2 protein chains.
Amino acid sequence: MPQIHRLDSRQADFRTRLDQLLAWESVSDEAVFTTVGDILADVRHRGDAAVLEYTARFDRLEKTAVAELEIPRDRLEQALTRIAPEHRQALERAAERVRRYAEHQKLSDWQYTEPDGTVLGQQVSPLDRVGLYVPGGKAAYPSSVIMNAIPAKVAGVPEVIMVVPTPDGQVNDLVLAAAAVAGVDRVFAIGGAQAVAALAYGTGTIPPVDKIVGPGNIYVATAKRMVFGTVGIDMVAGPSEILVVCDGLTDPHWIAADLFSQAEHDEDAQAILVSPDGDFLEAVAGAMDALLEHMPRAGIIRASLAARGALIRVRDLDEAVAVANHVAPEHLELSVAEPEAMARRIRHAGAIFLGRHTAEAVGDYCAGPNHVLPTSRTARFSSPLGVYDFQKRSSLIHCSAAGAADLGRTASVLARGEGLVAHACSAEYRIDPPVDDR
Amino acid sequence: MPQIHRLDSRQADFRTRLDQLLAWESVSDEAVFTTVGDILADVRHRGDAAVLEYTARFDRLEKTAVAELEIPRDRLEQALTRIAPEHRQALERAAERVRRYAEHQKLSDWQYTEPDGTVLGQQVSPLDRVGLYVPGGKAAYPSSVIMNAIPAKVAGVPEVIMVVPTPDGQVNDLVLAAAAVAGVDRVFAIGGAQAVAALAYGTGTIPPVDKIVGPGNIYVATAKRMVFGTVGIDMVAGPSEILVVCDGLTDPHWIAADLFSQAEHDEDAQAILVSPDGDFLEAVAGAMDALLEHMPRAGIIRASLAARGALIRVRDLDEAVAVANHVAPEHLELSVAEPEAMARRIRHAGAIFLGRHTAEAVGDYCAGPNHVLPTSRTARFSSPLGVYDFQKRSSLIHCSAAGAADLGRTASVLARGEGLVAHACSAEYRIDPPVDDR
């Protein structure tokens, strides 16, 4: 049987052991910071020339101009015709469902008028230009292109620029096809910290963007952190996680596969099963054992279960809910008889999968909701990637003459209370008749 | 006349000069990082004892327990009775208006059902516990307490914990009164990086929060950046900014006061006036000269105008809109004849003040919209602080048996395309009849 932690909420040190299991901190060491800082500064100052040099050095691609690294729209459309028809169909279906769900997330303008004619409101605008980082090589996931680009296009972002490294010129047709399906506007075959720098600062050829989203390795993640402020970034993702709550009545093989579907991502991924039924927990352990031999990524699964996986026995389903809220998992599966009632008691989770039939994997690809979700307990304070991440709000204040006079008096009192006389003066000018101390 | 930059869009180097004027980067030097890192680690490991030691050292407050640093609710209510009645009335009015505007921002749940019975949706929850940092001493602004705490309470956050340093035991009654009015739940008289650490990690006495908001000095800002990930944070604010677009028909004294109301914040603040009317620009310069002698903070105003202020002459109001969108200012005043039409063409601004009567200062205190706004061109990708910053979303996916089978097929194709067989397997288990290759 695969090695996995076994916890029981009746243990005196349960919470301590659970917290030890959850603890995870990404570490960018000094060397990574220095390397990335140098690349960012270099691209910022030398632009295209620096991008060409780093691409030659890291991806072994020798070009004389960054324009040669642009993958034209034709090439994306061509990829769509090259991939297997079933892949194309699946990508198009996933894109359509993700788009339909995203439409529900659009923010809109609103305003209201007060009795004295003062109008207050909020105006929503899309970002002008967004950069999407897509990892190259083995970790190239077309689903990631769809999940990141579509919400931006639904938000109304006029220009989505994708960067994807193509080491030794190796191009992934599924990724290019996904870019075509998702409506990506331009694609450059660059990667690493140099791609993040190019998007953040712009170069002669690559226009600067307003926000950079998408997953990447430690260099990419560090570069995103360092350019934050110059541009917006999405959250820096930790390892993938799933927490399954089960009453013990779902087929143990289904649950085993669900746990594996996160465990196979990488050695740091976390798969946790919580149930009041101790026999069921062992049945799932047995099912995992049987299933493991069919898994091409068995080595990764074994390592992640041994390091961070857990079978947790709780007293009852109420306690399972408490554990789920404490863990605030990226993916939460409620494999129970009445999942809606339980979901209403969940305060913290990236995505909630209700019922025995809802495999987490459909959420990764095609159910509709985004697969970019808060990890490492950050669901306590953050949300799935969505259309709202590509829109922003401006407050609107339009005072009538009467409103300006009325509000001006209140503002004047508070401004003087804070010792800010210019603020007071600016408000008082709009009070009619003028106040004495002006 | 106060020294101020004069730019003209007809100058060949206009954009370069404008960008030089806008450039601003906060620098936390190595020493600040090291000091803050040490304090964070110390509070994380030693909890209350470390908080007591730093408070004794930095605020000269010797206590034997952190509980003695808690300012009880009674004391807040007492402050409300101690301050001048006009201050109390102004605070209560501001709070009521901020609350009313914030109510419009609340996110809500939604879901939709597909023909095969699959339900997709989004569930919104408030954060469990929020920390609010309030600077002590001279920069103690009661308006900041209202602007940060009220959106959290409107979002439904059960517990808002405020920290405010009280150097030498010096307490600001206006700040405590504002906390009472805003519904802050608990207040601790601590500050600096140690307060941020206590909120992020929790101590024996101070419970850990899920997000930390509010302004602070460079140590506080650096500490917030460093605990980001463990908790959420609001944006790290740069210097305050105003950009006024005027057609030349507003009283120059009004505009001069509006520019001063940002310039008086600090030497790095930025006040810019854009107009097609060159004579008007000089009339405002003259009005500034006359007004300056009445300003208690004239020294700060002079310094900020000389360093970062500008009078910009443009060809016409269309060009003024283009300049405003490039600058993406924190505060944008449209002091023109038809401000609504112009506001619709603004893509990037924290808050837009429409019309000649709307002084930016009413927005700082009592108009309703939040005064915590994106600075340093970050309005290109971020929004005012709002209720939505204290709520988060969880995706909901509930597949019917038919939906699970249908979506499972699509997920399986895409998962196998990405080489993730456990994902495919987990989806395929829900396909009925079972597929052959399972």
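In case you wondered, yes, glycine gets a Cβ from its N, Cα and C as well.
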For the substrate site that TrEMBL assigns to A:Q262, A:H265, A:H331, A:D364, A:E418, A:H423, which of the candidates A:S240, A:S382, A:S383, A:S395 is also assigned? A:S240
Nearest by Cα to A:S240 (substrate binding site), of the recorded positions A:Y133, A:Q194, A:N217, A:E330, is A:E330
Distance from A:E330 (active site, proton acceptor) back to A:H265 (substrate binding site), taken between C-alpha atoms, in Å: 14
Within 8 Å of the centroid of the Cβ atoms of A:Y133, A:Q194, A:N217, which other residues of that chain place their own Cβ, given that this set defines the recorded NAD(+) site? A:P135, A:V163, A:P165, A:G191, A:G192, A:A193, A:A195, A:V196, A:G216, A:Y219, A:V220, A:A223
Pick the one among the binding-site residues A:H265, A:H331, A:H423 whose Cβ has the fewest other Cβ atoms within 10 Å in this structure. A:H265
Among A:Y133, A:E330, A:E418 (the recorded positions), residues with Cβ under 8 Å to chain B, listed in sequence order: A:E418
Residues with Cβ closer than 8 Å to the Cβ of A:N217 (NAD(+) binding site), same chain and 6+ apart in sequence? A:P135
Using the structure shown, find which entry in A:E330, A:D364, A:E418 (the recorded positions) has the sparsest Cβ neighbourhood within 10 Å. A:E418
Measure from the CA atom of A:Q194 (NAD(+) binding site) to the CA atom of A:Q262 (substrate binding site) and give the result in Å, rounded to a whole number. 30
